[in-house]
Amino acid sequence: MMHENAGLHGGPSTQQAAEQEDVKENKSPGSDTPNILPLLLIAWILFLTKGFLYSSITPLWEGVDEPFHFAYVHSLAAGGSLPVWGETFVDADIAQSTAYLPLPPLMPQLTGESEKFSYLEYWRMQPERRQELRRALDALQADADALNPSSARLYQVQHPPLYYLLCVPVLELLNPLNLVDKVYALRLFSVFLASLSLLAAAPVAKRNFSAGITLAALAALWPVLYIDVARVGNDSLGAAIFSLLFCALVFYSERKTPLRAALIGALLGLGLLTKAYFLTAIPAIAVSLAILAASERDRWKRPLIDGCIIFASAAAIGGWWYVRNYMLYGTFSGLQESIYFPSVGLIEKMRATLDVSWPLLIKHLFVTFSWVSGWSFLHLPKPAYLIFAAGFILAAAGLVKYLLAGNRRKEDLCMRHALVAAGLLFLFFSAGVAYHQVNVMATVKVMGGPGGWYFYALVIPISFVAAFAVVKLQGALARWAFLLFSGALFVVELFGFFSMLLPYYAGFAVPAADGWGVAPANAGAIPLNEALWRLLANKPDFLSPSVLAVSAATYIILYLLLMLIWSRNTLVKASS
């Protein structure tokens, strides 16, 4: 990033003139490049299809914190007002459902009427007992018009309300349905929200078609992205808004106008109303504006004035939530650790930085970014993670090659600003993750900050940097490496489903003793058809193995088509 920033700061007038010529040459690349819209349509349908599959195979409440996110939506619909920490409780029907379902290890049983049971224990029950539990589950509705709280506190009220407010009309529209159908519908709605992140690939492809299609392909590949967004949870909206925010920063670097600055501010404000990790975007945007001001010494006031527009707009839209937090809890963030431990101050947090095992945190973030199941936190066997490491090394090689090259000036100036913006968003987001872990260590005294899946909020900025780096690897051999990596990633995803998720959720396997992979719970082969029917237990009635098969076939066809388009537009170009 040091090399990149140096290229953006002022220099000799001849260099500035050359850069202006580069901008002119790349100003209207769309006329000479293929149309990105068909590709984006394929990637979008693939995204929705893959999201549908993950929504269908994931057991109810297996998604991280899913019952509490759903309860937040219900509390808004039934209560008609914003929830308050310590005064808002999970709906009784939602709490009661935890007595009728197999639950992941970290998910508590919210009723206290009976002990929770695992997937293995659930499928070892007598069929009559499981049928009795299913009938009781189907009788639950979580009526959006009735507030019937349980004794379980709703701790997800720490989150800003935008995602949940968007879900309220969907919940009210489906109010006659039972609890299972409502949760499934909100899962699909969450997938749709997350799919909007692909819109950010369009401006990239307009300026560099190879980078654009590589970005779209990468966004479709990440397995944990779908495990994360195919649940009721605000990360889906967070990914969409962060992607559009990155897109807005790219637009602004191309043409600096008050309207484009206001767009950045509006997206930042909406992000602040979605999740507190958008606070990390504030310094990223500020530094980005400072770099733009330094790189255009004759117009340095424009980014500074626009910065005022950006942050004033963001404060007007999203600032009220953080003021509300401070008035209610004495902390702007509203995070539960800060509410529970208000006396923990700066000194304690500085000491906690020494207690955090930073290598362990980095390993945890890498593993849970690469592949991890939902709330059961299953991990692949260790060798599988070497594939993800190889992909990161491939991207790093292309990025280093670009940064060390002497002809970076010839690159589209807008793309260079996009690279800087993506790097800044990632840098300050990582700092926010580190701070969260320090805060947890200072208050709760454990290693338990956010997982690597949080970084999928930056799925488009991260994928852009990786795509940009892959395109910078010259020669067909180097680009074949990406095709091999994507194929290996696809195989890993199939392995994760057939060898991990399917046997575990169907009660044929348990987590391995060393925490990597699963171990058979019974001797003998796993009957595939029986396992698929078990996977669809406690789901909407229309789901069946044939529906999954058709969806999986559609996903595979779209994936192969996307890879074909990618190879024709990168490998062929590299060979020529």
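Placement of Cβ uses the backbone N, Cα and C atoms for every residue, glycine included.
Per TrEMBL, the features are as follows:
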| type | residues | note |
| --- | --- | --- |
| REGION | 1-30 | region 'Disordered' |
| TRANSMEM | 36-53 | transmembrane segment |
| TRANSMEM | 184-205 | transmembrane segment |
| TRANSMEM | 211-229 | transmembrane segment |
| TRANSMEM | 236-253 | transmembrane segment |
| TRANSMEM | 259-292 | transmembrane segment |
| TRANSMEM | 304-323 | transmembrane segment |
| TRANSMEM | 360-378 | transmembrane segment |
| TRANSMEM | 384-405 | transmembrane segment |
| TRANSMEM | 417-438 | transmembrane segment |
| TRANSMEM | 453-473 | transmembrane segment |
| TRANSMEM | 480-506 | transmembrane segment |
| TRANSMEM | 542-566 | transmembrane segment |
- Contact call for the transmembrane segment (211-229) against the transmembrane segment (259-292), three or more Cβ pairs under 8 Å: no
- Can you name the far-off residues of the same chain, 6+ from the ends of the transmembrane segment (36-53), with a Cβ under 8 Å from a Cβ of it? 188, 191-192, 194-195, 198-199, 201-202, 205-206, 209, 212-213, 216-217, 219-220, 226, 229-230, 548, 551-552, 554-555, 558-559, 561-562, 565
- Query: So, do the transmembrane segment (453-473) and the transmembrane segment (304-323) meet, by the test of 3 or more Cβ pairs under 8 Å (sequence gap 6 or more)?
  - Reply: no
- Query: Taking a Cβ cut-off under 8 Å, which residues six or more beyond the ends of the transmembrane segment (542-566) line up next to it in the same chain?
  - Reply: 39, 42-43, 45-46, 49-50, 52-53, 56-57, 213-214, 216-217, 220, 483, 486-487, 490, 529, 532-533, 536
- May I ask you to check whether the transmembrane segment (236-253) and the transmembrane segment (417-438) make contact, with contact taken as at least three Cβ pairs under 8 Å and only pairs 6 or more apart in sequence counted? yes
- Query: How about the transmembrane segment (360-378) and the transmembrane segment (184-205): at least 3 CB pairs under 8 Å, pairs 6 or more apart in sequence, or not?
  - Reply: no
